[in-house]
Amino acid sequence: MEKDGRPNWDSPMQFVLACVSYAVGLGNVWRFPYLCQLHGGGGFLIPYLIMLLLEGLPLFYMELAIGQKMRLGSIRAWTSISPYLGGLGLASLVTSMYLCLYYNVIIAWSFWYLFHSFQSVLPWSVCPINSNRTGPTEECDVATPTQYFFYRETLNISPSIEENGGIHTGQALCLVLAWAITYLFIVRGVKSTGKVVYFTATFPYLVLFIYLIRGVTLHGAINGLKYMFTPKMAELANPRAWINAATQIFFSLGLGFGSLIAFASYNQYNNNFQNQAIVVSLINSGTSIFASIVTFAIYGFKATLNYENCLDRMRILLLNTFDLAEDAISMDSVLEWTEKLNTTYPEQFAQIADKVREGECNLEKELDTAVEGTGLAFIVYSEAIKNMPLPQLWSVLYFFMLLLLGMGSMLGNVTAIITPLRDFKIMSRMSNELFSGLVCVFCLLLGLGFTTTSGNYWFTIFNDYAASFSLLFIVLIEVVAVSYIYGIKRFEKDIEDMLGHRPNWYLKIMWAVTSPLLLIGLFIFFIINYIQGGAPTYQAWNKELGASVVTEYPVFGQVFIALLLVSSISCVPLTALYAFCRKRKDRAYENRPSVVSTVSL
């Protein structure tokens with residue numbers, strides 16, 4: 001315990017592991033591989049690493065420096081810099097609360113899948129029998145078993161956001177479990193968190209390494225790895241590739257939530273956060289690349305399996321149509337025979353031409369199919385796992401890894417709420433156990449809405465709008481405030497006081513010029529993209545089609561999105577206005593002439 005009564009991490013290693021556990025999350029596993037696939041495989045690494053240097057590392061360093069210098073949570077830290085900036089900390093707290101509400105829902109889904117992995121036959125590998133016991137359930141038959149299990153068994157999803165039903169009991173119980181474990185991890189502040197991160201920050205790497213060995217030995221894995229490591233350099237001319245690289249770095253490091261400021265506030269005053277910022281940033285980016293190698297190996301396996309199944313269907317179609325011997329066409333010669341039969345028997349081939357076109361087999365096309373988010377984590381991976389030998393083992397390992405990645409990030413998310421609130425006297429009078437419990441129960445009760453039949457659509461709203469636009473705004477104001485309100489010179493002296501030396505010219509240029517310009521560019525892009533995109537849409541599940549259908553949000557959904565965007569951003573100007581009015585009122589009170597009462601004798 002320090003002289004100021006603020007607890008500290010037991011060692012610098014605990015702080016590094018806490019930052020790694022927080023920064024390395026689900027986005028490294030399901031977002032970064034998707035962007036690689038979308039933007040030409042390995043070629044995406046070039047803009048990604050450039051953006052790490054121009055934006056990620058300097059801003060990460062800045063937030064750690066602020067937290068360590070002020071030794072306060074986000075609200076009080078920014079208020080100490082300027083009373084007009086207290087809204088920055090409040091905006092970070094609101095954004096972190098939004099994130100906590102829906103992020104633990106993903107952990108609840110992971111628990112659901114983990115519990116269902118302990119079965120002789122994985123439930124997402126086969127379709128359930130219908131009530132008449134005459135065949136598979138109709139919805140599962142038109143979709144796939146993995147889609148059916150996710151949308152019907154896991155979510156029990158409604159046809160649209162406008163149709164709501166009751167709470168899914170199984171999901172609600174999993175969410176309670178997720179919050180109960182989160183509470184146990186944070187109940188004693190950094191003293192309990194510091195112990196937990198040794199596990200949450202390291203075990204996912206063990207699972208990823210095991211998956212790497214398993215992945216590269218799967219049939220067709222080489223096709224996925226070739227796809228990743230054969231860069232399409234033309235994508236470097238695509239501005240969206242650079243924008244996606246910048247936003248991925250930004251969100252992956254967890255900038256703007258207040259978590260990094262909160263974590264750093266528990267450091268010793270002279271802790272060397274500079275080296276730690278470099279280490280954590282490199283580990284985070286290295287993990288994204290490592291996870292992509294594993295993911296592309298599994299992509300290759302799944303794509304090759306789909307490609308070969310397609311060839312086999314085509315082979316059977318040709319054998320039956322042209323009455324050929326069973327061994328006349330091999331898997332390797334299907335495409336050759338298709339051309340040959342089309343040339344030799346054009347009239348007969350014309351009868352099946354539509355089926356051939358619909359079922360055209362193309363390995364590159366299979367590999368080009370990009371999937372992100374829950375679709376990758378809970379459908380694509382489940383599809384691949386069910387086709388592996390010993391699928392139960394790989395399923396348990398995978399979903400346990402997702403749990404730890406999610407829990408590690410939740411430690412930072414909840415700390416970003418609790419730390420700034422505990423800085424206020426009224427909150428500090430409560431015990432850690434009671435206050436942490438109240439925060440967790442409050443978030444749990446609000447989060448139960450995501451376990452209803454329309455809950456996944458609300459989850460999508462929060463995932464898309466609650467912590468994207470607002471974070472760009474928060475970090476833009478942060479870097480402008482440090483560079484031009486607090487002042488680079490003063491910030492340099494603070495860093496020198498902590499580290500014994502001033503930051504180098506590279507960091508100063510990034511803070512003063514490059515990072516603000518990049519953030520302004522991203523901010524403008526998001527505004528233009530939102531305006532040009534028209535009415536916001538979502539993917540509504542259609543059980544008759546067994547597929548998701550693009551649907552426009554109803555009016556109440558669009559209003560809610562607008563409120564979600566404004567609610568956190570408005571904290572900054574409203575708090576500044578409040579500080580201005582209060583200062584003006586205090587000044588008026590000080591300048592009020594004194595009234596002296598005299599009594600004549």
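Numbers run from 1 along the shown chain.
Including glycine, each Cβ sits where the backbone N, Cα and C put it.
Annotations in TrEMBL come from automatic prediction, not curation.
Positions annotated as Na(+) binding site by TrEMBL: Ala23, Val24, Asn28, Ser252, Asn284, Leu405, Ser409.
If you look at the transmembrane segment (12-32), the same-chain residues 6 or more away from its ends with a CB under 8 A from one of its CBs are 106, 190, 193-194, 197-198, 200-202, 204, 248, 251-254, 259-260, 263-264, 266-267, 271-272, 276, 279-280, 283-284, 287-289, 291-292, 295, 372-374, 376-377, 402, 405-406, 408-409, 411-413. Among the features that TrEMBL reports, transmembrane segment is placed at 12-32 (among others).
Marked as transmembrane segment by TrEMBL: 44-66 (among others).
Annotated transmembrane segment per TrEMBL: 87-115 (among others), in sequence order.
The transmembrane segment annotation in TrEMBL covers 165-186 (among others).
Marked as transmembrane segment by TrEMBL: 198-222 (among others).
Feature annotation from TrEMBL assigns transmembrane segment to 242-266 (among others).
Taken from TrEMBL, the feature transmembrane segment applies to 278-299 (among others).
Here TrEMBL flags 396-422 (among others) as transmembrane segment.
Residues 97, 100-102, 104-105, 108, 155-158, 160-168, 171-172, 175-176, 179, 182-183, 186-187, 189, 414, 417-418, 421-422, 427, 538, 540, 557 of the same chain lie 6+ residues outside the transmembrane segment (434-459) yet bring a C-beta within less than 8 angstroms of a C-beta in it. Taken from TrEMBL, the feature transmembrane segment covers 434-459 (among others).
Look at TrEMBL and you will find 465-488 (among others) tagged as transmembrane segment.
Here TrEMBL flags 509-531 (among others) as transmembrane segment.
Annotated transmembrane segment per TrEMBL: 555-580 (among others), in sequence order.
Contacts of Asn284 (Na(+) binding site) defined by a Cβ separation under 8 A and a same-chain sequence distance of 6+ are given as Val20, Ala23, Val24, Asn28, Ser252, Leu253, in order along the sequence. A contact links the transmembrane segment (555-580) to the transmembrane segment (87-115), because at least 3 Cβ pairs that are 6 or more residues apart lie under 8 A. Within the same chain, residues 6-9, 15, 18-19, 22-23, 25, 27-28, 31-32, 35, 38-39, 44, 47-48, 50-52, 55-56, 59-60, 63-68, 70-74, 77, 89, 92-93, 95-96, 99, 190, 273, 280-281, 284-285, 288, 409, 412-413, 415-416, 418-420, 467-468, 470-472, 474-475, 478, 518, 522, 525 sit at least 6 positions outside the transmembrane segment (242-266) and bring their C-beta atoms closer than 8 Å to a C-beta of that stretch. Spatially, the transmembrane segment (396-422) is adjacent to the transmembrane segment (87-115); three or more Cβ-Cβ distances between them are under 8 Å for residues at least 6 apart in sequence. If you take the C-beta of Ser409 (Na(+) binding site) and look for same-chain residues 6 or more apart in sequence within under 8 angstroms, you find Ser21, Tyr22, Ala23, Gly25, Leu26, Tyr103, Gly254.
Sequence-remote contacts of a segment are chain residues at least 6 beyond its ends whose Cβ falls under 8 Å from one of its Cβ atoms, and for the transmembrane segment (87-115) they are 26, 73-79, 154, 170-171, 174-175, 177-179, 182, 256-259, 261, 374, 377-378, 382, 395-396, 399-400, 402-403, 406-407, 409-410, 413-414, 416-417, 420-421, 443-444, 446-447, 450-451, 455, 459, 462-463, 466-467, 470-471, 473-474, 477-478, 481, 564, 567-569, 571-576. Here the transmembrane segment (165-186) has Cβ contacts under 8 Å with residues 104-105, 107-109, 111-112, 115, 154-156, 158, 192-193, 196, 407, 410-411, 414-415, 418, 436-437, 440-441, 443-444, 447-448, 450-455 of the same chain, all six or more residues outside its ends. Tertiary proximity for the transmembrane segment (465-488) is limited to same-chain residues at least six positions away from its ends with a CB under 8 Å from its CB atoms, namely 59, 62-63, 66, 78, 81-82, 85, 88, 91-92, 95, 98-99, 102, 247, 250-251, 255-257, 508, 511-512, 515-516, 519-520, 522-523, 526, 530, 561, 564-565, 568-569, 572. Non-local contacts of Leu405 (Na(+) binding site) by the CB criterion (under 8 A, 6+ apart in sequence, same chain) comprise Val24, Gly25, Leu26, Asn28, Val29, Thr200, Pro204.
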